[in-house]
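*Asks:* Marked as Zn(2+) binding site by Swiss-Prot on the basis of sequence analysis: 13, 16, 35, 38. Under the heading ATP binding site, Swiss-Prot lists 118, 119, 120, 121, 122, 123, 124, 125. Swiss-Prot lists 1-54 with the feature domain 'ClpX-type ZB'.
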């Protein structure tokens, strides 16, 4: 029997039977021994099983039409962007599944995504919804907090740590996750001419991001922060991580107009008529993005461009009421726990939408406006047992009157 044999002084592995002289190290446990070779083999078996589980999950990726249906349940408008995202995400995970399970000689490159759209148009929410529907780890990073190596700030590898943490430190699962990098337009080069001074927040960060976006084996500090000598690192391969980057790119429509041979408003007549800036956003090509300040190599790793439109008041009202997790439904549910019915007048919903447009916050500002309107109600209602219904009026939203209360 393998193990510690009493007839000699040698120690044997309880699993493979090799003696301590035949292996590098034997670890003693409670009545059992295991050699370094069996430890390595066990780790390899576990790693393979985890990878198989991940691939099995990816094999069930919804088709583009199914992804679009899921997005439609949560995201109002942005139909062109949703279709582009659905196709890109499906193709990405199809590529991951087939390249890991076949010996095809064709090298399928991944299609990372660039989303361009104004603040509050739904860029972050689209990325979050996709990751949730696919049941893959998801992490968000702000490009403005990143700096290139050697400068005070956050290393790009810390983005990968967020993804690893979202995967509960299951690296194999993290390697098939989605990372959304917001405010990518804020690290554009300031002008097309390269400065002789160091560009801490611009081109240098783009170059650092480029390495992990195109696919590399990165060393990530387990606790975040800067790397230190002799520090244990987590190794993660980024070749199958889907990167979605987004930004407002304020003013890029002027670059599109110039390329199309039109003069910017205020400097002359246009030679070609396009209805509005939203239409110009659909005309964006890589040349415009490069002129804005992203380097060609970085743009080349973002072949899918999805342009999001500025949300109208009607869009914002639909966002308030239609999605499965619509804000109006959430607040109605909250008050129902106190036995109170909540109703919003149609002109109250429009007033909320108008406030969000006035503040230039888009959809992300809707919750704070409702919170302002509902604060006193949510404070008083739990103590007023005779109230059965609350009606939010336009005047209540504008702050000129209180919500209407109905009692039993």
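Note: Cβ is positioned from N, Cα and C throughout, glycine not excepted.
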*Asks:* What are the non-local neighbours of residue 35 (Zn(2+) binding site), defined as same-chain residues 6+ apart in sequence with CB under 8 A from its CB?
*Replies:* 13, 15, 16, 18, 20, 23, 24, 25, 26, 27
*Asks:* Rounded to an integer, what is the Cα-Cα distance in Å between residue 125 (ATP binding site) and residue 38 (Zn(2+) binding site)?
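*Replies:* Given the Cα positions, residue 125 (ATP binding site) is 46 Å from residue 38 (Zn(2+) binding site).
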*Asks:* Which residues of the same chain, at least 6 positions away in sequence, have a Cβ lying under 8 Å from the Cβ of residue 118 (ATP binding site)?
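*Replies:* Within the chain, residue 118 (ATP binding site) has Cβ neighbours under 8 Å at 248, 250, 308, 310, 362.
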*Asks:* Can you list, in sequence order, the residues of the same chain other than 118, 119, 120, 121, 122, 123, 124, 125 whose CB lies within 8 Å of the CB centroid of the ATP site?
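*Replies:* The answer, listed by sequence position, is 117, 246, 308, 362, 363, 364.
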*Asks:* For the binding-site residues 121, 124, which one has the sparsest Cβ surroundings, going by other Cβ atoms within 10 Å?
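*Replies:* It is 124 that, of the binding-site residues 121, 124, has the fewest other Cβ atoms within 10 Å.
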*Asks:* Given the binding-site residues 13, 16, 38, which one has the fewest other C-beta atoms within 10 angstroms of its C-beta?
*Replies:* 16
